[in-house]
Amino acid sequence: MEYALVITNGHIATPDGVIDADLAIQDEKIAAIGHNLAAHSDQVLDAKGQMVLPGMVDSHVHINEPGRSDWEDYHTGSQALAAGGTTTMLVMPLNALPARTTEKEFKRQAKIAENKSYVDYGLYGGLVPGNVDEIQKMADAGAMGFKTFMATTGSDIPGDFKNVDDYQLFRGMQAIAQTGLPILVHAENAAITDGLAAEKIAAGKTDIKDYVDSRPPFVEFEAVRRAIYFAKQTNVRLHFVHLSTPESVAEVTKAREAGLQVTCETCPHYLILDRDQFEKIGPLAKCSPALRDPAIVKGLWKKLFNGEIDTIGSDHSPAPMSMKRSQTNNIFDIWGGISGCQNNVDLFYDEAVTKRGLPITEFVKVTAQRPAELFGLANKGRLQVGYDADITLLDLNQSYTIKADDLYYKNKISAYEGFKVNDRVTTTLLRGHVIYRLDHGFIDKPSGHLLTKKFSGVLQR
Ligand SMILES: [Zn+2]
């Protein structure tokens with residue numbers, strides 16, 4: 001028999017459009033896409049009526065191991081991703097303890113992750129005050145890029161991640177430019193957000209509304225412009241994480257049109273949720289930047305439809321329930337971060353493609369193809385011959401309501417609990433092997449590989 005496995009009867013989301021055909025797998029790669037391939041394999045997976053999607057490449061995940069494994073570890077986080085149709089995760093350098101900001105810690109944490117992840121994974125390093133000398137060394141150790149904060153991270157715990165000032169950002173960008181890897185920036189003006197928050201707290205104004213108002217859209221916009229200006233001076237590849245306003249995205253587009261290597265991400269929650277829902281859902285929907293006015297959300301959807309947003313990342317940022325519950329009725333004391341990575345594919349497909357008509361080619365571009373390209377994952381992100389057979393089957397004829405019990409997170413909490421989803425991930429394959437089935441759970445031991453491919457060229461649209 002020629003093929004290890006053939007997926008039949010599915011609607012295959014190739015980069016050029018959806019085709020009804022069979023997909024054959026050999027040696028962990030897609031070997032053929034065509035008709036009547038089933039006769040050439042002993043193993044046939046019937047995907048009748050289902051969408052066959054490239055597994056999502058989630059380039060924005062927080063795993064808290066080591067140091068805070070009770071928040072999320074590689075095992076639970078990767079299970080949630082795999083069950084949700086994601087096959088590659090790129091892991092942020094913060095919220096584990098210590099943060100991954102030195103070569104030594106990078107190598108140690110790469111070891112810690114071994115044999116624990118159900119999905120393939122890459123690790124970012126961090127740019128923090130005083131670690132410019134570690135940048136090249138972390139790049140040599142396999143970092144996929146470098147995350148940094150212009151906003152205040154707000155932790156005084158030793159070893160925890162710290163934000164940079166403009167000087168440190170500038171010097172860091174120079175060092176990162178030498179590696180050819182991208183810098184990933186959380187863009188919000190630290191002085192203004194800190195000042196506005198302090199005013200609110202001093203006045204006893206500590207409701208959800210006050211938190212949202214302490215992080216107005218212009219603080220993001222200003223930081224985006226400043227970072228782009230520094231990127232122009234340093235020639236670094238700049239990727240903005242979680243942009244939350246159409247104005248910020250427009251700046252990225254403008255910079256790109258001016259010839260700079262600037263790209264951007266948004267997250268499902270900035271598209272699916274807004275500040276009104278934040279009031280209803282409560283602290284589980286606290287994140288930064290904060291959720292926006294419905295009119296801004298509408299504008300952000302428009303940017304997605306225009307093709308101005310490069311990637312969708314979950315910014316899965318888990319915490320124990322005790323940190324998401326208000327003891328004092330003070331929203332400023334609550335952990336900022338949304339658990340959501342298990343619903344990257346199903347909920348976002350429902351909202352973007354089914355309800356709003358985003359073309360499926362655009363869906364696969366922002367969830368798989370583009371993130372793989374931006375981070376140099378040459379074999380990932382496309383259902384195309386020669387690519388890794390990282391595949392998720394999405395059944396558009398099933399619907400379900402998201403419940404805590406369905407979640408694989410270590411802390412079974414989600415901003416999306418109670419949401420009805422009009423499709424469902426039924427099967428996930430990693431490099432040709434079925435790793436998860438809805439009716440069975442996880443098939444085998446974790447088999448995710450560490451990805452260390454370095455960025456290998458300039459990517460323009
Ligand atoms: Zn994040």
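If you go along the chain as it appears here, the first residue is 1 and each next one adds 1.
Here the Cβ of each residue, glycine as well, is placed from N, Cα and C on the backbone.
What you are looking at is a predicted structure, and each value in this text was computed from that prediction instead of being measured.
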Quick check: of Lys147, Lys162, Lys280, Lys286, which does TrEMBL put in the same Zn(2+) 2 site as His186, His242? Lys147
Need one residue: from Asp310, Asp315, Asp333, the one TrEMBL lists with His60, His62, Lys147 for Zn(2+) 1. Asp315
Return the residue, from the listed binding-site residues His62, Lys147, with the maximum count of other C-beta atoms within 10 angstroms of its C-beta. Lys147
CB contacts under 8 angstroms to His60 (Zn(2+) 1 binding site), restricted to the same chain and 6+ apart in sequence, sorted by sequence, are Leu90, Met92, Val241, His242, Glu265, Cys267, Gly313, Ser314, Asp315, His316
So which of Lys147, His186, Asp315, listed as binding-site residues, have a Cβ under 6 Å from an atom of ligand 1? Asp315
Taking the centroid of the Cβ atoms of His60, His62, Lys147, Asp315 (Zn(2+) 1 site), which other same-chain residues have Cβ within 8 Å of it? Val61, Met92, Leu94, Leu184, Val241, His242, Gly313, Ser314, His316, Ser317
Using the Cβ centroid of Lys147, His186, His242 as the reference point for the Zn(2+) 2 site, which residues of the same chain not in that list have Cβ within 8 Å? His60, Met92, Thr148, Phe149, Leu184, Val185, Ala187, Phe240, Val241, Asp315
Which residues, sitting 6 or more apart from His186 (Zn(2+) 2 binding site) on the same chain, put a CB under 8 Å from its CB? Lys147, Thr148, Phe149, Met150, Ala151, Val241, His242, Ser288
Would you count the other C-beta atoms found within 10 angstroms of the C-beta of His242 (Zn(2+) 2 binding site) for me? 25
